[in-house]
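The feature L-histidine binding site is assigned by TrEMBL to Asp130, Leu131, Thr132, Arg157, Gln173, Arg290, Tyr294, Tyr295. Look at TrEMBL and you will find 354-381 tagged as coiled coil. The domain 'WHEP-TRS' annotation in TrEMBL covers 3-59.
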Amino acid sequence: MADRAALEDLVRVQGERVRGLKQQKASAEQIEEEVAKLLKLKAQLGPDEGKPKFVLKTPKGTRDYSPRQMAVREKVFDVIISCFKRHGAEVIDTPVFELKETLTGKYGEDSKLIYDLKDQGGELLSLRYDLTVPFARYLAMNKLTNIKRYHIAKVYRRDNPAMTRGRYREFYQCVNDRRILDGMFAICGVPDSKFRTICSSVDKLDKVSWEEVKNEMVGEKGLAPEVADRIGDYVQQHGGVSLVEQLLQDPKLSQNKQALEGLGDLKLLFEYLTLFGIADKISFDLSLARGLDYYTGVIYEAVLLQPPARAGEEPLGVGSVAAGGRYDGLVGMFDPKGRKVPCVGLSIGVERIFSIVEQRLEALEEKVRTTETQVLVASAQKKLLEERLKLISELWDAGIKAELLYKKNPKLLNQLQYCEETGIPLVAIIGEQELKDGVIKLRSVASREEVDVRREDLVEEIKRRTSQPLCIC
């Protein structure tokens with residue numbers, strides 16, 4: 001039994017080594033060699049009939065976050081939240097699950113991705129698919145017609161997730177309007193009953209070619225080939241305000257009331273974008289469809305660009321990091337009197353942004369601090385635990401983020417090494433002489449410079465030296 005336990009330990013250690021090499025992106029040969037060692041150890045271990053087989057892993061499409069990853073994640077959230085607050089937004093929260101009927105019929109073809117929960121006491125429930133429908137329910141329940149809110153929370157989808165990795169540096173925004181799309185479908189000859197399903201096909205144009213989209217429309221959804229061709233003439237166009245002006249003169253599209261309203265609003269939007277100085281970053285893209293059923297007007301998407309591999313090439317779009325639009329009819333679905341509340345929103349793809357920032361840090365080999373500790377309280381001699389505890393209590397009471405090592409008599413070298421490993425910038429050192437003189441020796445970890453600071457002045461000196469926020473992205 002003891003031999004088996006020792007062998008299991010070897011398997012665990014070797015497994016950790018293999019995972020570490022993969023994370024470090026070691027050479028394929030080195031990884032293959034270590035995997036072979038792991039398999040050999042597992043073969044020696046053999047089957048254990050008395051032990052139930054259980055694979056420790058996270059569910060598909062989910063992940064754990066290490067302290068380092070959470071530090072990056074919190075920084076991303078801080079940047080986003082500070083932007084929301086700068087524009088006067090308030091924060092709300094809603095339950096992680098909703099009544100199934102609340103979510104039903106709001107997402108078109110994506111409804112199949114909703115997670116349903118087992119009946120637990122008479123109510124049919126589902127995990128929230130997004131934060132927009134719960135927000136509309138919240139507005140209707142509380143009879144609100146005016147709120148600028150932000151909401152950061154997890155949502156759940158039965159999807160096949162894939163994380164695209166790469167070094168991404170710039171964004172562009174695509175804009176369209178559901179009224180323009182509906183008007184375009186109408187003049188092209190799409191039956192009313194097929195508007196939403198054809199819209200879902202058009203929404204795939206950022207991922208697949210027009211020919212593939214056309215084949216889906218004709219072969220799977222029964223659209224006439226000539227109708228699909230007419231749609232293709234429109235949805236492959238993109239540009240700026242000049243394209244809006246051009247479509248306003250289109251002999252067919254300009255005769256459609258819905259399309260005309262949408263084009264008029266987009267023209268006004270581009271005027272505002274010019275005032276903000278960002279019109280050159282916006283593309284009017286007729287293929288942008290956004291498959292969700294609840295959009296009623298302008299729709300938009302922020303797409304990340306990867307720099308071209310060679311000079312003269314166009315930047316490569318590598319994925320959406322934010323998207324949203326206008327949904328004026330959604331709240332009315334929950335209101336007993338059907339009252340409409342104009343709404344417009346944006347959802348930011350935090351997971352994708354987090355992956356991008358994380359990879360950038362890995363590429364630059366930047367060290368990320370996982371704590372915000374300003375100072376380590378250390379001792380230079382033995383039997384000074386009580387003095388360390390007194391000092392750290394004073395610092396905590398003054399709002400200083402401080403740590404100490406959980407040992408009675410830690411060696412000074414070990415305490416200094418801990419600071420270097422964790423990125424703590426300062427060390428407050430207590431020694432017998434310092435206690436007699438009423439001072440604390442304050443050491444800069446980076447420069448190794450030491451100064452004596454009067455105990456009553458220590459808090460202010462630490463604040464002064466650590467006032468600059470640490471940036472990780």
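Using N, Cα and C of the backbone, Cβ positions are placed for all residues, glycine too.
What TrEMBL says about a protein is an automatic prediction, not a curated fact.
Locations of recorded TrEMBL features on the structure.
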| residue | record | Cβ contacts under 8 Å, 6 or more apart |
| --- | --- | --- |
| Leu131 | L-histidine binding site | Thr94, His151, Ala153, Val155, Ser347 |
| Thr132 | L-histidine binding site | Tyr294, Tyr327, Leu330, Gly345, Ser347 |
| Arg157 | L-histidine binding site | Asp110, Leu113, Ile114, Tyr115, Tyr129 |
| Arg290 | L-histidine binding site | Asn176, Arg178, Asp203, Ile299, Glu301, Ala323, Gly325 |
| Tyr295 | L-histidine binding site | Arg178, Gly325, Arg326, Tyr327 |
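Sequence-distant contacts of the coiled coil (354-381), counting only residues of its own chain at least 6 positions beyond either end whose CB sits under 8 Å from a CB of the stretch, comprise 67-73, 75-76, 163-168, 304, 321, 387-388, 391-392, 395, 400-405, 409-410, 412, 415-416, 418-419, 422-432, 434, 441-442, 462, 466, 470, 472-473. Summary: among the binding-site residues (Asp130, Tyr294), the fewest other C-beta atoms within 10 A of the C-beta are counted at Asp130.
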